[in-house]
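First, the structure itself, so that you have it in front of you.
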Amino acid sequence: GAAAMAAVRDVEIDPEGTFKYILVRLQRPGGEEQRDIVRGTKAAEFHNHIFEKVNPEMEKLGYECKCLGGGKIDHNSKDKKIRVFGLSTGYGKADHSVTVEILKKVYRDYEITWSDDKK
């Protein structure tokens, strides 16, 4: 269980640009074990497009997925900065402070900030 969950990457986001993201909670059905992951891509016109891609992938691994909300990520790889902001109309606003903590695990040498700004 824990090994399979560890194999799921904390973060999968585009390397550059501004795009929609969602915060997803993975849980084993009937299990205590859970963790939150961040997924975002320019390819998604709407937040649910990201969820519709992640959900079947995770179900195959035996997890239930719940979207905890969304927003936007501005990823500037040149300056090593990530800004988390905005919200998802369908899922509501993710807790951006949680998203930032997850991003920090992966982008250790980045300056990562968040705000409730819409833009």
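Glycine residues also receive a Cβ, built from the backbone N, Cα and C atoms like all the rest.
Copied straight from TrEMBL:
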type     : residues : note
ACT_SITE : H47      : active site, proton acceptor
BINDING  : K20      : substrate binding site
Tell me the Cβ contacts of K20 (substrate binding site) under 8 Å, same chain only and six or more apart in sequence, or just say none.
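When sequence neighbours closer than 6 are ignored, K20 (substrate binding site) has G40, T41, A44, F46, H47, I50, G70, G71, K72, I73, S88 within Cβ distance under 8 Å.
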Near the Cβ of the residue listed as 'active site, proton acceptor', how many other Cβ atoms are there if near means within 10 Å?
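That number is 25.
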